[in-house]
């Protein structure tokens with residue numbers, strides 16, 4: 001199974017989304033949700049719940065996903081960008097199950113390096129027998145004092161929004177997330193709502209995914225990759241809370 005997770009390069013217009021609105025207060029478990037709470041930690045590879053990607057993604061991804069780059073150290077998942085005799089290698093980790101509306105969160109520390117992306121997102125597409133729907137949290141390694149939010153509905157993107165964090169995400173673990181509802185997506189940083197989108201919201205359940213990769217042909221977006229290897233993004237845990245019925 002090959003998953004093509006195309007992420008559009010930023011445009012000037014993409015930085016200013018017409019969907020921005022005043023963020024809503026953070027939902028409180030037990031009131032906004034029905035009490036269904038699933039925490040996924042990374043003490044070891046749970047093969048019944050997760051899978052490691054093992055293929056080249058092509059296009060702007062200048063590396064090959066390999067399970068060798070998905071490691072578990074000190075209770076954390078480490079996704080590494082490296083190189084072998086065939087070229088650059090990178091890491092991607094995903095759930096086997098699909099998740100719909102609800103609160104998605106990750107505690108992570110991204111890579112600080114030009115030309116690379118560290119991410120947390122939901123995705124489903126043609127390789128899953130569905131339309132392409134996706135919701136993204138992406139760190140562009142050239143400047144980890146900001147984070148990019150984005151989403152795709154039936155393959156239609158251009159919803160990029162840059163949020164300035166007020167800290168360097170690569171220097172420590174922080175919690176990032178999004179609350180996906182039928183008519184909106186609200187993104188969070190350390191429990192505080194920072195951005196909401198309302199336009200053409202995706203509706204297809206997707207897999208929870210994380211990856212770290214180096215780009216090619218997207219220098220305007222990521223800045224040129226400098227060839228540095230053995231660099232890693234770290235993930236402490238992810239969680240999913242289902243909404244109240």
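Each residue, glycine too, has its Cβ placed from N, Cα and C.
What you are looking at is a predicted structure, and each value in this text was computed from that prediction instead of being measured.
Among the features that Swiss-Prot reports, active site, nucleophile is placed at 134, with the record citing similarity to another entry. Following the DSSP three-state reduction, the secondary structure of residue 134 (active site, nucleophile) is strand.
Per Swiss-Prot, active site, proton donor is recorded for 138.
DSSP assigns residue 90 (disulfide bond) to a strand. Annotation source Swiss-Prot lists disulfide bond at 63-90.
Residues or ranges marked as domain 'GH16' in Swiss-Prot (evidence: sequence analysis): 30-245.
Taken from Swiss-Prot, the feature signal peptide applies to 1-29.
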Taking every residue in the domain 'GH16' (30-245), what is their average pLDDT?
95
Which whole-number value in Å describes the distance between the Cα atoms of residue 138 (active site, proton donor) and residue 63 (disulfide bond)?
17
Hey, what's the Cβ neighbour count for residue 90 (disulfide bond) at 10 Å?
27
